[in-house]
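What follows is one structure encoded as structure tokens, with my remarks underneath.
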Amino acid sequence: MLPWLLVFSALGIQAWGDSSWNKTQAKQVSEGLQYLFENISQLTEKGLPTDVSTTVSRKAWGAEAVGCSIQLTTPVNVLVIHHVPGLECHDQTVCSQRLRELQAHHVHNNSGCDVAYNFLVGDDGRVYEGVGWNIQGVHTQGYNNISLGFAFFGTKKGHSPSPAALSAMENLITYAVQKGHLSSSYVQPLLGKGENCLAPRQKTSLKKACPGVVPRSVWGARETHCPRMTLPAKYGIIIHTAGRTCNISDECRLLVRDIQSFYIDRLKSCDIGYNFLVGQDGAIYEGVGWNVQGSSTPGYDDIALGITFMGTFTGIPPNAAALEAAQDLIQCAMVKGYLTPNYLLVGHSDVARTLSPGQALYNIISTWPHFKH
């Protein structure tokens, strides 16, 4: 089994930080985390008993009735520890209120499916349940499907987490290893450098994982035979299907089957028109895949990968999980050689007379790497 890598990050500072959060304060936080940093390996190796009895459930902190649905396969090899400033609290009542505010921010401002982390540790020394052990968080793009995301919150501005919080995080990490949620083998921890860094990045690096793809056999594809694709493709075309969308895996599998039937039975195509489809559940569904031509964009189908978001996105864009999944798929395609290194990313409307992918989605992809109007 691959070793897991512990990554300290300051992601989340962008959302809740302020201009007074400077390098000196970040350094103070970094120094305060060194105790945790230096003792995690000793804790897990000694197998010390842990106490997570102070975990506050979602119900107890008043979580909004939303939720992410993408399963996380455990044990994972990576643990990402975040620090979320700007939510000072020192008792369960206030920390629960701050966590509700954070969840609302992630859902309503960031278009997330829930609070971004698997678990959070308040400055009151309690562990707060996020999305839990078995669901992917949306905390670190490119790593959500291979990592657990833990976060400190409630810390007074410019201060490191309290001794109670550090102890709670130690116990949480040790518990994760002992219960099989986190791999027991690991390398020397890495301090990840974010927008506002906690410590300098060391030489060790971690490659992003290619996202998991729901294969045709799982969503119930009809057997077909279509022209082969010559790779690498020169274009990535972003599309929307129009019509209804889906938010949970069962709905998305049904929708993909319906789209395939529409292409085959109504449009007389040899198969579903896209190489891959992205659901609002944050999952990627295999269309015709990497090696077969799609049929959504005549004149480009033999030189382009068609990636479609299921739904209509003229006014409201896809949620954060769906957008991240698509970006990870594109990055994976380039790394694996399915896209040329100098590929061009375009909207469907750039190469065909159509409103797809919708203005709201188009506005977002126009900021992505390799975009060409």
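If you go along the chain as it appears here, the first residue is 1 and each next one adds 1.
Every residue, even glycine, has its Cβ placed from backbone N, Cα and C.
Quick caveat, the model's predicted, so the values are computed rather than measured.
Annotation source Swiss-Prot lists signal peptide at 1-17.
If you look up Swiss-Prot, you'll see ASN22 (among others) marked as N-linked glycosylation site, on the strength of sequence analysis.
As annotated by Swiss-Prot, N-linked glycosylation site applies to ASN39 (among others).
According to Swiss-Prot, the feature domain 'N-acetylmuramoyl-L-alanine amidase 1' maps to 74-212, an assignment based on sequence analysis. DSSP assignment over the domain 'N-acetylmuramoyl-L-alanine amidase 1' (74-212) gives 37 helix, 27 strand, 75 coil.
What Swiss-Prot records for ASN109 (among others) is N-linked glycosylation site.
Under the heading N-linked glycosylation site, Swiss-Prot lists ASN145 (among others).
Of all Cβ atoms in the protein chains displayed, 16 besides its own lie within 10 Å of the Cβ of CYS210 (disulfide bond). The disulfide bond annotation in Swiss-Prot covers CYS210-CYS332 (among others).
Here Swiss-Prot flags CYS226-CYS270 (among others) as disulfide bond. In sequence order, THR224, HIS225, CYS226, PRO227, ILE264, SER295 are the residues of the chain that are 6 or more apart from CYS270 (disulfide bond) and have a CB within less than 8 Å of its CB. CYS270 (disulfide bond) falls outside any helix or strand according to DSSP and counts as coil.
Confidence for the domain 'N-acetylmuramoyl-L-alanine amidase 2' (235-358), expressed as mean pLDDT, is 95. Residues annotated as domain 'N-acetylmuramoyl-L-alanine amidase 2' in Swiss-Prot, with sequence analysis given as evidence: 235-358.
Residues or ranges marked as disulfide bond in Swiss-Prot (evidence: experimental evidence): CYS246-CYS252 (among others). Cβ-based neighbour count (10 Å, all protein chains) for CYS252 (disulfide bond) stands at 24.
Annotation source Swiss-Prot lists N-linked glycosylation site at ASN247 (among others), citing sequence analysis. Under a cutoff of 8 A between CB atoms, and with a sequence separation of 6+ in the same chain, the neighbours of ASN247 (N-linked glycosylation site) are SER69, GLY279, GLN280, ASP281.
Counting every protein chain shown, the number of other Cβ atoms lying within 10 Å of the Cβ of TYR274 (peptidoglycan binding site) is 28. Residues or ranges marked as peptidoglycan binding site by Swiss-Prot: TYR263, TYR274.
The feature region 'Interaction with murein' is assigned by Swiss-Prot to 293-302.
Calculated from their C-alpha atoms, the gap between ASN109 (N-linked glycosylation site) and ASN145 (N-linked glycosylation site) amounts to 22 Å.
Here the candidates are the recorded positions CYS246, TYR263, TYR274. The one whose C-alpha lies nearest to that of CYS210 (disulfide bond) is TYR274. Residue counts for the domain 'N-acetylmuramoyl-L-alanine amidase 2' (235-358) by DSSP state, with H, G and I taken as helix and E and B as strand, are 38 helix, 28 strand, 58 coil. Around ASN109 (N-linked glycosylation site), a 10 Å sphere centred on its CB holds 10 further CB atoms from the protein chains shown.
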